[in-house]
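Enquirer: Sharing a structure with you now.
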Amino acid sequence: MPSPADREKALVTALAQIDRQFGKGSVMRLGSDERAPVEVVPTGSIALDVALGIGGLPRGRIVEIYGPESSGKTTLTLHAIANAQRAGGIAAFIDAEHALDPDYARKLGVDIDALLVSQPDTGEQALEIADMLVRSGSIDLIVIDSVAALVPRAEIEGEMGDAHVGLQARLMSQALRKLTGALSQTNTTMIFINQLREKVGVFFGSPETTAGGKALKFYASVRLDIRRIETLKDGTDAVGNRTRVKVVKNKMAPPFKQAEFDILYGVGISHEGSLLDFGVEHALVKKSGAWYTYEGDQLGQGKENSRNFLIANPDIAAEIENKIKIKLGIVADPNADAEPTAAAGSLEEKLPARKGA
């Protein structure tokens, strides 16, 4: 039997040969320092970024977002596209439902002049286009809306009443087998939006399931269940929805965490609203009755007024966000070893009339 030293020498020789034949890094030790940290695409909600455990949607992976109608699935993906573009990336939107609203996308911060859009005729065409874009190596984020609308060519060309059992599931399974490796190699994130269906004859457990078979459940590194839980009102007028997202699968961090945030009509995810919620939760922002207070100064009466104040003063919003991230350990504290500075002065200058509340 070879000695441990001989086995280690043989392993080093084999690894060197693999690197020469297949490229450096084809095989590596799991704890190697050469492994790069996970890159992410922010979702637009700090609450969801924290729930995901890594600060956003992972690069080079498949993500599934599913939920009932009008729950915020497309809104969430458009925010991710806008964030990817702000970071200098290129995004593509494969609109199998033929329902993308350019005006709404622009309001959410998407650069529609730079966004690549395809409205394919069949499921095969949609997935082939996605595969070609991924293999180009130039795309950072691809969204497919939605899995349920990826209709196989045989179904489109057939008669209305024809049975096509398992066609879509086989199509998805084959496509995902091809896409997974290419996504990892090109560091491209692919988001599949999916719809809910109900199983017939289920008496125990949830009857809900998603379209497109089981392959996507296995290949997705992150699965997000998004639900509308409350209608936000300004007086009697509905102005948005309170949304809850549950991370039902997460290969990058512990799963089953939840996030809640506001989606405002015509605005999208309220980033400032999430800052207020998280600030109150982590005692960085104080709430007394209807008033929100930060470092002894009143931001506003009611969440809407406080949110508007943060929109008008992005430097204060950024300060609160940075403190939240430091407290949660998402970013390092640059002043950990430094003397505390009098940062409150800038805030007092912006709030002279509210001082002393």
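Using the three backbone atoms N, Cα and C, a Cβ is placed for every residue, glycine included.
Pasting the feature list from Swiss-Prot:
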BINDING   Gly67, Pro68, Glu69, Ser70, Ser71, Gly72, Lys73, Thr74  ATP binding site
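Neighbours and distances for these, please.
Expert: Sequence-distant neighbours of Ser70 (ATP binding site): residues of the same chain at least 6 apart with a C-beta under 8 Å from its C-beta are Arg228.
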Enquirer: Are there any residues in the same chain, six or more apart in sequence, whose C-beta is under 8 angstroms from the C-beta of Gly72 (ATP binding site), and if so which?
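Expert: In sequence order, Ile226, Arg228, Asn241, Thr243, Ile263, Ile269 meet the Cβ cut-off.
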